[in-house]
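Engineer: The structure that follows is given in the form of structure tokens.
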């Protein structure tokens, strides 16, 4: 299953991370719908708003179905046929949707039949492993392996469409297959857009943590086909729904257990052997500053906005091809950052908020 995610990037940086090619091969950035509803967070839970990609054709009848929109949507699908005036009164859980029953349950079959497919964006997701012989559960952060590309430059250098994709050399966002629906309050009011994340059996690498995982769309082709309901039928799109082994993970602190905790500490690897958090060195602090390019809260007029050109970049010496995890607790790229120069620089205090 998938019940907690992280999506901390500020809006402009998230947009650049979603650069794509349209059907004509032109580099594009997706446009936003209801951008003010997006609230970055290291610790997103159901009923919060998360950014999703969807086809522009859902909003404009004559649009090219390969063109994309980013829209914040409520996590937890509210069916269009729901009759109550309060969506929180929905009596069943729609946070996730099992792939093996998606065409059996009305809540998911109807919007899927209308082409309401979306891609849920996240840095990664959290999952909890039940510790044998105890009631305790160990949380893990799960994400795409971060691979060094041939791209160069900085985010601030993206001064033309041709450069948008070339300069994005940062964290690869996790792209999860979702279904959305549109609910209109019986008494009138704004339409509520909400989504569910499709889940599949866990891949071998995650099976020790949990028996289910999100349906991850690995690569631009898979994302394009899932979104393009104008050209790709439901039957063809469902062939994209399957487990993937192209993931990595590391153990994190129990700080993430409380969804009100919203700091980079939620993502920081912990050492399960000594049961303590890896202390943050100067290098890891710079990494955490990148994770916190902007405080994960709604825009505050009192706080000057950081210029795009000031957003730190991943150093090429750390952006190496990450091997698939061979054992539980592999921390991958984040752990390399947190461990580097541990003994060479003064220990910095870790950010924490309750």
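For all residues, glycine too, the Cβ spot is worked out from N, Cα and C.
Dumping what Swiss-Prot says about this protein:
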| type | residues | note |
| --- | --- | --- |
| ACT_SITE | 2 | active site, nucleophile |
| COMPBIAS | 296-309 | compositional bias 'Basic and acidic residues' |
| COMPBIAS | 337-348 | compositional bias 'Basic and acidic residues' |
| CROSSLNK | 148 | SUMO2 cross-link |
| CROSSLNK | 151 | SUMO2 cross-link |
| CROSSLNK | 275 | SUMO2 cross-link |
| CROSSLNK | 276 | SUMO2 cross-link |
| CROSSLNK | 306 | SUMO2 cross-link |
| CROSSLNK | 339 | SUMO2 cross-link |
| CROSSLNK | 342 | SUMO2 cross-link |
| SITE | 127 | site 'Required for sensing abasic sites' |
Engineer: Cα distance, residue 127 (site 'Required for sensing abasic sites') to the residue listed as 'active site, nucleophile', nearest Å?
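Structural biologist: With distance taken Cα to Cα, residue 127 (site 'Required for sensing abasic sites') is 7 Å from the residue listed as 'active site, nucleophile'.
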Engineer: Counting across all protein chains present, how many other Cβ atoms fall within 10 Å of the Cβ of residue 127 (site 'Required for sensing abasic sites')?
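Structural biologist: Within a 10 Å radius of the Cβ of residue 127 (site 'Required for sensing abasic sites') lie 23 other Cβ atoms.
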Engineer: Using a 10 Å cut-off, grab the number of neighbouring Cβ atoms around the Cβ of residue 2 (active site, nucleophile), all chains included.
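Structural biologist: Around residue 2 (active site, nucleophile), other Cβ atoms within 10 Å: 25.
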Engineer: Going by DSSP, is residue 2 (active site, nucleophile) sitting in a helix, a strand, or coil?
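Structural biologist: The three-state answer is coil.
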Engineer: Helix, strand or coil: which one is residue 127 (site 'Required for sensing abasic sites') in, per DSSP?
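Structural biologist: It is in a strand.
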